[in-house]
């Protein structure tokens, strides 16, 4: 048996993004006990946008493709929020609408072209605590389908150079089936 | 001589008891989570996303891959109320 | 609906836990008997398996004795508190990656807090506490540093590559000795004033209060065995390393099919693994 001494150290940071927290508009964490549902719609002078109806697992499954197509819009939105000094909710509505529309377009395209692979992947994710390393087999099929039909490619931002990225390694050490996945 | 089998019987019963609670909880958890495996080690993001799932599909584990939200989704967002600190 | 499910979950955890506590007492007596070439209890039920229930019934029917100068309420509530807290520890035990009653992100801290509350007796266990509880928590801190998380399921899942028993073998010995001391087992059962004390609480309590105390004692033994197997033996994970099996099948026979993959996914973790490891540890404890 081979020993891989990588316990936990990079267990959770494999595919996580590293947000620049210093530059983001931070606010103190505070407990809240009650919520208020305000059913007043947005005022008319603000243009309407269709909200995204995908839930957590499909969003996670599509996230890298959304990131690939919408990188410019997302960066724009984050830059706007950084620069608006905590008033981002009011000042960045325009950028936010672009982000929403772009993400919705990606999800719509994946739904029309790669529905079966997409469904297989997000159902696997939903059944395995949303952990990407448990679902590499459906993920490879989804990635190749999306690359063929839509030209979007999954890349891990900030992955170390000159190594095979985790999602392309055939063996997934922490998965329930740690052997070759495909 | 070794341990006679009589002494090992209670251990067998202990293993069975663990099995009873383990597999019993397995079925109860499946039932409570719409036939899926329960989520574990949820952080604030996961809980927040599950609340969003509930607003879209009506159940915490329900999933849908529509690109359009159902009507009324844009006004059902709860505001978290905090006590004011000046 | 949700409250009914939680009640069922609690019952599914507590009832088998209490039953297995009853059988741990009989397991102890039988194992000790076989070590000393005796038969042990063999009259009640098949091979004396129901001896624990007979003892409990006998104790419940007995008259209770309270010291005249004692604070009666505290005197009777103490063992109950001990029992409740040692049963509370079962709350965070994971039986499989999605099978738990409650999954706290600070589950390890909860376990530590509850297991130290479940020890009973002021002076004696304070002496135990400062000498052994510190060691227990330091070992747990090492494991938390390795896994980077306090969640118990995460600690178990990060042992998929290799159980912590192998890289942390010296720590396991320390932790095991510490847990024996924590549960007041054989070499550590009389911590202070060994010549004056018979067995401390055993002479003070009687009847049903004594039953509570006895149950709590053995419940915390099972709990600390479960903790041992979670921290060092990989909890609910398969006893044989799955990766090794897959490597053998793949390199020697070239087998890699989706059916095999499904079988191994089911095989890699099961509540019975945790049960087997815990039973083995209870045997070693005795």
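Any Cβ shown, glycine's included, is placed from N, Cα and C.
Listed features, source TrEMBL:
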- C:6-27: transmembrane segment (TRANSMEM)
- C:39-60: transmembrane segment (TRANSMEM)
- C:72-92: transmembrane segment (TRANSMEM)
- C:104-123: transmembrane segment (TRANSMEM)
- C:129-152: transmembrane segment (TRANSMEM)
- C:164-181: transmembrane segment (TRANSMEM)
- C:207-227: transmembrane segment (TRANSMEM)
- C:234-255: transmembrane segment (TRANSMEM)
- C:267-285: transmembrane segment (TRANSMEM)
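Beyond the ends of the transmembrane segment (C:72-92), by six or more residues, the same chain brings 13-14, 17-18, 66, 100-104, 107, 110-111, 114-115, 117-120, 152, 205, 209-210, 212-213, 215-216, 219-220, 223, 226 to within a C-beta distance below 8 angstroms of the stretch. Of the candidate ranges C:6-27, C:39-60, C:164-181, C:234-255, C:164-181 contributes the most Cβ pairs within a distance under 8 Å of the transmembrane segment (C:129-152).
Note on the transmembrane segment (C:234-255): residues 94-97, 152, 155-156, 159-165, 264, 267-271, 273-274, 276-277 of its chain, located 6 or more positions outside it, place their CB under 8 angstroms from a CB of the stretch. Scored by C-beta pairs under 8 angstroms, the transmembrane segment (C:267-285) has its highest count with C:207-227, from the stretches C:6-27, C:39-60, C:164-181, C:207-227. Looking at C:6-27, C:164-181, C:207-227, the range that has the most CB pairs within less than 8 A of the transmembrane segment (C:39-60) turns out to be C:6-27.
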